[in-house]
Amino acid sequence: MAAAAAETASRRLGAAVRGLSGAWYGRHMAAAERAIRTRLPLVDLVLEVRDARVPASSAFESLRRRGPLEPDGRRFVVLNKADLADPSETEKWTAYMKKQRTCPCIAVNSHNRESIKELLNVVRSRIREIKHGERDCTGTVLLVGIPNVGKSAIVNAMHQIGRIGAADKGKLKHAIVSSHPGETRDISGYKVASHPNIYVLDTPGVLSPRFANDDSGPRLALTGAIKGSLLDEYDIAQFLLAVVNSREGYRSWENLNQAGDTSSSGNANTSRSHSKKRQYVSDHSQDFIVKAVRQVLFETISSFKGDLGKEDELRRLVDRQFISLQEAFKVSTESSTQQS
Ligand SMILES: Nc1nc2c(ncn2[C@@H]2O[C@H](COP(=O)(O)OP(=O)(O)OP(=O)(O)O)[C@@H](O)[C@H]2O)c(=O)[nH]1
């Protein structure tokens with residue numbers, strides 16, 4: 001219950017985040033949107049790729065606001081980057097989509113071979129259904145989504161895994177995969193299967209000029225769909241802290257102190273964190289900055305006595321965390337004074 005109240009408070013704090021101007025929607029996105037729209041009626045299947053960490057905020061709203069996205073309900077939602085998302089949340093999302101009967105949904109990790117094989121199987125069987133079991137037909141799939149959700153990574157993996165014979169002959173193509181949004185500028189086709197022949201069209205990421213929710217902006221900036229520099233970085237950090245403070249995950253950061261560090265661990269409940277100790281041994285993100293940030297956050301949250309379900313209390317904790325982080329990293333407080 002407390003966590004749910006805190007989540008609501010963090011959402012309200014997110015709603016206060018300013019600076020959502022639509023600056024990411026340029027001429028190239030408008031052109032890509034038009035090009036995608038003209039192809040929609042021509043393809044057999046549409047795979048809408050979303051980021052499994054933010055399935056609602058990463059929905060492909062751009063085309064839906066101008067009419068139905070999929071030809072005759074032939075749409076699949078692919079929740080990519082499932083390796084970075086909370087597995088229980090991903091499970092809830094896939095179950096929710098199934099229950100809504102809006103469209104089928106599959107969670108994948110494009111860096112994982114088995115996961116892509118599963119996606120290929122789903123696509124193959126759906127194309128066979130659409131083509132009434134014809135073996136030598138050709139099926140086309142349009143891969144759409146907002147920027148940086150992993151469309152090109154998915155198409156590369158499907159192309160490589162589905163075309164092992166071509167790989168031997170050095171005939172494979174490569175879509176550009178980048179951690180920066182907006183790298184894909186053109187629509188390109190990749191063969192991913194034979195009997196039936198299936199071609200997947202990779203498309204540029206398109207993001208609506210307006211967000212569906214107030215907190216979509218910071219969520220998309222934090223997951224890399226829009227450049228952080230397009231929003232106010234202070235606002236994004238504020239939103240992230242509100243989310244962290246609203247969840248239980250911080251408790252496991254107490255272990256960081258037992259892994260050879262000298263700072264005190266605070267007074268939080270330790271029962272869950274002990275069981276997660278092993279996880280940190282293989283956590284590649286644990287450079288010293290991440291570790292130091294986690295220590296500061298653990299200490300500030302676990303020593304905070306206020307009610308995190310209340311927006312003003314949550315804000316008080318966030319302000320305190322900014323000061324603690326500035327102290328820990330010996331950052332001048334001048335810039336934050338100018339913000340307020
Ligand atoms: N951890 C993880 N990273 C992924 C996954 N899929 C893609 N990525 C990473 O996400 C970033 C974006 O991937 P792209 O394939 O370029 O994304 P895109 O949707 O084609 O991007 P645009 O060109 O902006 O439309 C890259 O750094 C990928 O390595 C995944 O399943 N898991």
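Every residue, even glycine, has its Cβ placed from backbone N, Cα and C.
Positions annotated as GTP binding site by TrEMBL: Asn80, Lys81, Ala82, Asp83, Asn109, Ser110, Gly205. According to TrEMBL, the compositional bias 'Polar residues' annotation covers 257-272. Taken from TrEMBL, the feature domain 'G' covers 140-250. The region 'Disordered' annotation in TrEMBL covers 257-279.
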For the domain 'G' (140-250), residues assigned helix / strand / coil by DSSP: 43 helix, 18 strand, 50 coil
Among Asn80, Asn109, Ser110, the most crowded of the binding-site residues [Cβ within 10 Å]: Asn80
Long-range Cβ environment of Asp83 (GTP binding site), under 8 Å and at least 6 residues apart: Asn109, His111, Asn112
Overall pLDDT for the domain 'G' (140-250), taken as the rounded mean: 86
DSSP three-state assignment for Lys81 (GTP binding site): coil
Chain-internal residues, separated by at least six, CB under 8 A from Ala82 (GTP binding site): Ala52, Thr90, Ala107, Val108, Asn109, Ser115
Assigned element (helix, strand, coil) containing Ser110 (GTP binding site), judged by DSSP: coil
Other CB atoms within 10 A, centred on Gly205 (GTP binding site): 25
Greatest inter-residue Cα distance in Å for the GTP-binding set Asn80, Lys81, Ala82, Asp83, Asn109, Ser110, Gly205: 21
